[in-house]
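Participant: Before I ask anything, let me first share the structure, which is written out below as structure tokens.
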């Protein structure tokens, strides 16, 4: 990585492992009486959210505050963004306010990349989800959760199930998990697999029941109906019969297999309530781990005079 | 210092801690990573063999509390391991390998401030090489090693370096690590 975290694909294996081990140390902070570290005292972090989000924004806010940074929340609703201000003018405003890092969520794929590379500001940019493109900190917290449960991810089989087409979580996870040595299988109906998925270096399957018995991790994705502009499957009932995780399917999993979901989940659609609340489910833990992982990312980007993570060839500092 | 000197110094520190504390009750040894941690464990083992019961040992990473955090690239964190009942009311003995400027210890005191309120804090170091930049002193010292600022003191421990030794290098012209024990 370099000054920014835009894509899970920018992370080398060393970078990713440094983030995971740092997150492991920071996770213990949650058990302490004073949940605060001084590392980012005096740094300003702006949460720039052009798209609704509770989990991710709160998670980044908690992470930044636990590192003693000053946090400014900036959401599209109720700001001049809703009056038609351009991304460039927003960036110039943030620069003028002296933001050290901008955490950006945008409905357009590539917006964080533009913000980082257009030369509008000097701050670090952290992608908190852009369109259907990437969500690298989600992939990091997912990998962290798997790593805590399964140890080394080399050779582990991860099934990512559901609406892969609209999922930035699936893409970031596929990139990161491959870097960490896991074998990823994307399971979805043909209509919900993205064009060009052959180039991701992952397996694909249309048959959930064939994949489940071998998986070490099952990650269910939400069907993103707000992004759907066509009929991708006949009915909700048919979708959940073929690609939903229910108690019957869960019985076919190996004993150590964990069930994950990036949230928000729709109970009864991609996952049934008994699975979501079962012992295998680590969905609530994912949220806890999210704060630790985001603390690790912010610390490693902003904690020193320069980022701790290795620079790659196309560095854009 | 060779392996036997290191061992003798740690034995003496262990006894001095017990004498000062009037026994091993309420003691918590906190090693500062990386080399302070095995030193704390060794002192704890020596105390245990004298007193017949274990003393608590932990580690305290001070990276985020360092005053030079912003002057270098972001550093990896080390292990912090605090007993589940915390440090409140205990006699904490910080353990480190070399006491130099005193800035690490200041950071450790700040870090402890966020963890609780010990009854007392003491400091044990294997080597005190002088050149303090802050008003900090050690309660238990393995060896006072007056050095010049151009010299480098490195502590080798079997846990990391396959041997126990304290080496001084960089003395004036010859840059190679010399096996000299003292440079006085």
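Residue numbering: from 1, along the chain as shown.
Glycine too: its Cβ is placed from the backbone N, Cα and C atoms.
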Participant: Return the residue out of A:27, A:105, A:237 that TrEMBL annotates for the same carbamoyl phosphate site as A:55, A:56, A:135, A:138, A:263, A:264.
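Facilitator: TrEMBL names A:105 for this carbamoyl phosphate site.
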Participant: Please spell out the DSSP helix, strand and coil residue counts for the domain 'Aspartate/ornithine carbamoyltransferase carbamoyl-P binding' (A:3-147).
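Facilitator: Its residues fall into 67 helix, 27 strand, 51 coil.
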Participant: Would you mind ranking the binding-site residues A:83, A:105, A:168, A:222 by how many other Cβ atoms sit within 10 Å of each Cβ and giving me the lowest?
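Facilitator: Each of the binding-site residues A:83, A:105, A:168, A:222 was scored; lowest Cβ tally within 10 Å is A:83.
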Participant: Just how spread out is the carbamoyl phosphate site if you go by the largest Cα to Cα distance in Å among A:55, A:56, A:105, A:135, A:138, A:263, A:264?
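Facilitator: So the maximum pairwise Cα distance among the carbamoyl phosphate binders is 16 Å.
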Participant: Can you give the largest Cα to Cα distance in Å, as a whole number, for the residues A:83, A:168, A:222 that bind L-aspartate in the record?
Facilitator: 31
Participant: Fewest other CB within 10 angstroms, which one of the binding-site residues A:263, A:264?
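Facilitator: Output over binding-site residues A:263, A:264: least Cβ neighbours within 10 Å is A:264.
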Participant: Taking only the Cα atoms, work out how far residue A:105 (carbamoyl phosphate binding site) lies from residue A:83 (L-aspartate binding site), in Å, as a whole number.
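Facilitator: Pair distance, Cα basis, whole Å: 18 Å.
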Participant: In the same chain, outside A:55, A:56, A:105, A:135, A:138, A:263, A:264, whose C-beta lies within 8 angstroms of the Cβ mean position for the carbamoyl phosphate site?
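Facilitator: Filtered neighbour residues, in order: A:53, A:59, A:128, A:129, A:169, A:262.
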